[in-house]
Every structure is written in structure tokens, then in C-alpha cells.
Amino acid sequence: MKTSKLAIIGVGHVGSEVLENAALSGLFGEIVAIDTRSERAAAEALDQMHASGMLGRANVRIYGGGYDDIADADVIVIAATHIWPHGEVPADRQALLGNNAAIIRQIMGDISRVTRDAVLVFITNPLDTVVYIAATEFGYPKEKIIGTGCVLDSSRLRFLLGRRYGLDPKAVNAFMMGEHGYTAFPLLGSAQIATVPYAELPEYFGQDNWTADEVREKVVQAAYEVFHPKDGVTDAAVAQAATEILRSIVLDEKAVFSAATYIDGELGQHDTVFSIPVVVGANGVEKKLPPKLNAWEQAKLAESAAAIRANIDLAKKLKQG
């Protein structure tokens, strides 16, 4: 029986979390870790292998390797990022653009040299611009390129609403959309708890709802409540977001995520990348589910699309030198 093979490129804070999640998931028979610091990749792999003699751990083959090892990978996670000097913290995701655009172009060149079959799952920030570079500059099948994007933001939204109403966050059916960044926005027009629309929740819970602007601000700022105290890192939740995507790919679950994907015509937007609800299966993004937006959501989409376009244009200028 064929087992699935995963490659993880970049095993720093986030990549090593994905590695651990993947090792525990039972989804993969083989995992290769790749990093410019080859000794670090080998050590992270060996650290996970040392746990294989304990109950509850599958005997997964995990090792440090190179790009020739990914030719037969089913899924590749890209978590590589610029390493900032000790004590320096990037102001935000956009501060990473100059360095990470070059890093992603190098990685995509190396991936495209050996495979165009694997589904690629991107975590590297600024996420939407990174996915755009991958989807448009290398001839790689666009449906096989996914960014974690608003999968994490949507989980933060569900957490905040669940805590607000004293419920399990998984009881909340709601998505964030747009940029994975400052201009992400909630789809409250379609949000529900069980069958109850967001607008009707006060009738059931006896307290006023947050406004759409309040919800948006709380979700966006939630990232920085982690980011700054952890010296510029958020890792556990985004690694779990990536793992959920991996599960849907490997098991062909057809799960729905608000993930970053190439957009060309959906919601009136063209040649860009942002998060919308999509069906994810063995072939990557198998269907896009662009939602019907209310007036507030349409305005926020325009703002988000403009912010992403500015970053994309900057990335193109950087390539031209």
C-alpha cells in the first residue's frame, strides 16, 4: 500500500511545528525536512524520530534532505522565511516582503525543477503575495498552490465568537476573507451558530453583537497579541491550520477552508490572490466558493484587494531590480 510523502521546506519555528504535527497525524509514511541550515533540518528530523519508540507514535521515516528528495512528494509545505538578527522583530508581515520574495523565487525554481505534481501549501508571509509569485512565475498548476491565508484568521474569529457566547468555537460557522493581514474581514452576513444567523444571536444570548468593524479589529489584533510577546513569531495555530489542509489533501476530504488561492474573475477581481472559501482535496483547490457579499463586505474586499495589489506590484519591481 502506497503511503503519502510530505516535504517541509523551512523548519524554523513554524516548519518544526508542522513537522511535529505531521509526525503525530498518521497521514504520512515519509517526511523530508529541508532547510538552508541542513544540520538544523537533520536535527529536527532526528528529534522527531527519537520519539518513535514511544507508544502513540507511528514509525514514520523522517529525515533531512534536499530538493532531489521531493520529486515523489505528494504534498510540500513551504514555511521558509528570512531569519532576522537576534533581537530584531519585523513590524508586520509586509516587512518580510523584500527578503521573502527572493527566497520564494529560489524555492519555486528548485521545486519546479523536480516536480509539478505535488500540492504546495504555503505559510510564508506576506502570504498572499508569496502565493501570487508561486502561481504566476513558474508555470506550476495554479490549483495545486494553496496558502494557509485566512484559515488561521477564521479560527481566530470562531475562537473569539465562541468565547463571547460561551460556546465551543467549532460550533461557530464563520469565515474571514481577503488578505492574510490588516485588511482581512469577517463574513458576518453568512455567519451562524447552529442555524441562528449572526444578526439574530442577541435574541438567544441576551447581549448585543459586536459590529462588523469591531469583529474585524478584534480578529486582526489577535495575531499581534501573540506576535509581539513571542518576539515576532506565531507558530502553533498556523501550523495547525496547515495540518488541517494537509489532512484534507491526503484523505481527499473535500473540506472547505478560507484559503489563499489564485483569483481571476471571482468577485470581480482579476490576476490576484486572496482567501475565499474553497474546497480542498487530493488535487488541491478543487472548487472555489465565492460568497455573496453585503455592502460592507464588498467595500472591505475592495480595500483588501488594493492592499494586496500594492504588495504584488512591489514584488514585481523587486524582481526587475
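Backbone N, Cα and C define each Cβ position, glycine as well.
TrEMBL lists 5-147 with the feature domain 'Lactate/malate dehydrogenase N-terminal'. Among the features that TrEMBL reports, NAD(+) binding site is placed at Gly10, Val11, Gly12, His13, Val14, Gly15, Asp35, Asn100, Ile123, Thr124, Asn125. Marked as domain 'Lactate/malate dehydrogenase C-terminal' by TrEMBL: 152-317. Annotated active site, proton acceptor per TrEMBL: His180, in sequence order.
Taking CA atoms as the reference points, Asn125 (NAD(+) binding site) and the residue listed as 'active site, proton acceptor' are 9 Å apart.
On a Cα basis, His180 (active site, proton acceptor) lies 20 Å away from Gly10 (NAD(+) binding site). Listed in sequence order, Ile9, Gly10, Val11, Gly12, Gly15, Ala41, Glu44, Gly64, Ala80 are the same-chain residues six or more apart from Asp35 (NAD(+) binding site) with CB atoms under 8 A from its CB. Mapped onto three states, the DSSP output places Val14 (NAD(+) binding site) in helix. Taking the C-alpha positions, the distance from Val14 (NAD(+) binding site) to His180 (active site, proton acceptor) comes to 16 Å.
Comparing Ile123 (NAD(+) binding site) with the residue listed as 'active site, proton acceptor', their Cα atoms are 10 Å apart once rounded. Compared over the binding-site residues Gly10, Gly12, the count of CB atoms lying within 10 A of a residue's CB peaks at Gly10.
Using DSSP to sort the residues of the domain 'Lactate/malate dehydrogenase N-terminal' (5-147) gives these counts of helix, strand and coil: 68 helix, 27 strand, 48 coil.
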